[in-house]
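Participant: Input: one structure, supplied below.
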Amino acid sequence: MINLNDVSYKYNDTAAQAIQHISLSVKKGELVVITGKSGCGKTTLFRCVNGLCPRFYEGEITGSLTLNGKVLSSMRICDISNIAASVFQNPESQFFTTDVLSDLVYPCENCGIEKEEIQERLHRVTKLLSLEPLLNRKLSELSGGEKQKIAIASVLMLDTRVVLMDEPSSNLDYQSVELLTQILAQLKSKGYTLLIIEHRLHYLAELCDRLIVMENGSIVREYEKDLLCTIGNDEFHKQGLRGLHLFQNNSNTLITPQRQHTDKRLLTLHDIHFGYRKNTEVLKGIHLSIYPGDKIALIGKNGCGKTTLGKILCGLKKEQSGTVLLDGRSFPARVRSKTAGYVMQNVDFQLFGCSVYDDLLLGNEALPDKENRIQTVLEKLSLSALQEQHPTTLSMGQKQRLVVAASFLQNKRLTIFDEPTSGLDYGSMQNVCALIDSITGKTNASVIITHDYEFILNTCNRAVLLEDGQIKEDFQLNGSMQLEYIFKERL
């Protein structure tokens, strides 16, 4: 169904080959997973298969690529999309309307499908993904995970026999990942061909027929299904990759030491309320105390209000009622950005420079010893070799590391990280863990909005569960048992 023979690709605006000498065959009905460190060429391979390289992302391609027996270079994009549908890493990049319902039916309308058939598909896909509560919502109101679901649903509306997915689980809560697993199993049982680019492998371990590892633009290892069940997490971690078993204990996963006990509060939230629409509250009386040294994992289902709470903490949103105190004194929204930093879920919103280096220099021109600090953080996050590249040419994982690096230079008393590891391999995740630990220290605090179980165990010393607009659990991370229970039963 998908055949690549000695395929190489180089973008026009970069000197190095993005992928080189890729030979790969995916048979009809197979589910093949491609993984590898951030920036290894996975997304470029994805773009070559769906025709966006070189038609949209300009560059030079060599070798041959066929899709369903047809030479890809001779096909129009519209012909390719009739065979293969794509779920992109950033779901917002494939939205064409402003509301959920319109966006779901748009692909079918664009292909001239009859109204009755569109309605039948809409009913089937909505039921499959449990989207009924979202149908009348605006896309701008959705959480990152909800947007991810809509992107997946719009692709399923096309009912193509080949489905390509780039990091489909990156913004999803645990139950939504379980649902995605069931959907992929259904598609596979019906003979769909699935090619999935992914860092988080645990939900695919039982489904995939082959796991392919890329490194520096090339395929370096391939694991057959029978072999995967015999491999522990440590072997993958040694390669800088995520493990296959989410809740398996391993030698590299450590519970972060608890912060030293102190009665001095850094930030206090009392009875915080907020809603985007009249008579619909997202936050319903939030009470939270944040202490120096806290590295808080803010967890909860998609759409529960985690990002909204994060934006209130840093002043991007103003609470509709309630009190926020800093060091026991009133802390109005208009001045919070001076003390609180924010790393957004969509990192493209925070990239402004013409190069990686310029992006870190921006706003830090007066920073003492700025050159040494910039080079140090570039080295810590393995970005030194990329410092002259334009930020838009980076992979999603590299972009995430860049905005985390910028937050390190700002050195705010409180930093909110919104899904900082969604595009990161295991090695990069550990580097980010170390940097957040350095940012927090003993005097600052960090709040990390995340669904990443491995990351929480490696980084956080406290977890807060947001549920039904209120904080329902708040506990120190002394071990993984309580966190594992919450992931399995309440996320």
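One-based numbering along the chain as shown.
Cβ atoms are placed via backbone N, Cα and C, with glycine included.
According to Swiss-Prot, the protein carries these features:
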type	residues	note
BINDING	Gly36, Lys37, Ser38, Gly39, Cys40, Gly41, Lys42, Thr43	ATP 1 binding site
BINDING	Gly300, Lys301, Asn302, Gly303, Cys304, Gly305, Lys306, Thr307	ATP 2 binding site
DOMAIN	2-241	domain 'ABC transporter 1'
DOMAIN	267-491	domain 'ABC transporter 2'
Participant: How many neighbouring Cβ atoms, not counting its own, are there within 10 Å of the Cβ of Lys37 (ATP 1 binding site)?
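Facilitator: There are 23 such Cβ atoms around Lys37 (ATP 1 binding site).
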Participant: Report the member of Ser38, Asn302 (the binding-site residues) whose C-beta atom has the most other C-beta atoms within 10 angstroms.
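Facilitator: Max Cβ neighbours within 10 Å, all protein chains included: Ser38.
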Participant: How many Å lie between the Cα of Lys301 (ATP 2 binding site) and the Cα of Ser38 (ATP 1 binding site)?
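Facilitator: Checking the Cα atoms of Lys301 (ATP 2 binding site) and Ser38 (ATP 1 binding site) gives a distance of 26 Å.
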Participant: Any idea what the Cα distance is from Gly41 (ATP 1 binding site) over to Asn302 (ATP 2 binding site), rounded to a whole Å?
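Facilitator: With distance taken Cα to Cα, Asn302 (ATP 2 binding site) is 29 Å from Gly41 (ATP 1 binding site).
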Participant: Determine, to the nearest whole angstrom, how far the Cα atom of Lys306 (ATP 2 binding site) is from the Cα atom of Thr43 (ATP 1 binding site).
Facilitator: 28
Participant: Tell me the Cβ neighbour count for Gly41 (ATP 1 binding site), meaning other Cβ atoms within 10 Å of its Cβ, over all protein chains shown.
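Facilitator: So the Cβ neighbour count for Gly41 (ATP 1 binding site) comes to 24.
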Participant: Can you name the residues of this chain that are 6 or more positions from Thr43 (ATP 1 binding site) yet have a C-beta less than 8 Å from its C-beta?
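Facilitator: When sequence neighbours closer than 6 are ignored, Thr43 (ATP 1 binding site) has Gln89, Asp166, Ile197, Ser395, Met396 within Cβ distance under 8 Å.
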Participant: Can you name the residues of this chain that are 6 or more positions from Cys40 (ATP 1 binding site) yet have a C-beta less than 8 Å from its C-beta?
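Facilitator: The list for Cys40 (ATP 1 binding site) reads Met214, Glu215, Asn216, Gly217, given in order along the sequence.
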Participant: Identify, in sequence order, the residues in the chain of Gly36 (ATP 1 binding site) that are 6 or more apart from it along the sequence and have a CB within less than 8 Å of its CB; answer 'none' if there are none.
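Facilitator: In sequence order, Lys42, Val213, Met214, Glu215, Leu241, Asp425 meet the Cβ cut-off.
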Participant: How many Å separate the Cα atoms of Ser38 (ATP 1 binding site) and Thr307 (ATP 2 binding site)?
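Facilitator: Ser38 (ATP 1 binding site) to Thr307 (ATP 2 binding site), Cα-Cα distance: 25 Å.
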Participant: Just to confirm: which same-chain residues, 6+ apart in sequence, have a Cβ under 8 Å from the Cβ of Gly303 (ATP 2 binding site)?
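Facilitator: Within the chain, Gly303 (ATP 2 binding site) has Cβ neighbours under 8 Å at Leu142, Ser143, Gly145, Glu146.
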Participant: What other residues of this chain sit with their CB within 8 A of the center of the CB atoms of Gly300, Lys301, Asn302, Gly303, Cys304, Gly305, Lys306, Thr307, the recorded ATP 2 site?
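Facilitator: Along the chain, the qualifying residues are Ser143, Gly145, Asp173, Leu466.
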Participant: With the ATP 1 site defined by Gly36, Lys37, Ser38, Gly39, Cys40, Gly41, Lys42, Thr43, which remaining residues of that chain have Cβ atoms positioned within 8 Å of the Cβ centroid?
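Facilitator: Checked against the 8 Å cutoff, the neighbours are Met214, Ser395, Gly397, Asp425.
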Participant: Relative to the Cβ position of Lys301 (ATP 2 binding site), how many further Cβ atoms are located within 10 Å?
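Facilitator: Summing over all protein chains shown, Lys301 (ATP 2 binding site) has 22 other Cβ atoms within 10 Å.
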Participant: At the Cα level, what's the spacing in Å between Lys37 (ATP 1 binding site) and Asn302 (ATP 2 binding site), rounded?
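Facilitator: The Cα atom of Lys37 (ATP 1 binding site) is 26 Å away from the Cα atom of Asn302 (ATP 2 binding site).
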Participant: Just counting, how many other CB atoms are there within 10 A of the CB of Gly39 (ATP 1 binding site)?
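Facilitator: Its Cβ shell of radius 10 Å holds 23 other Cβ atoms.
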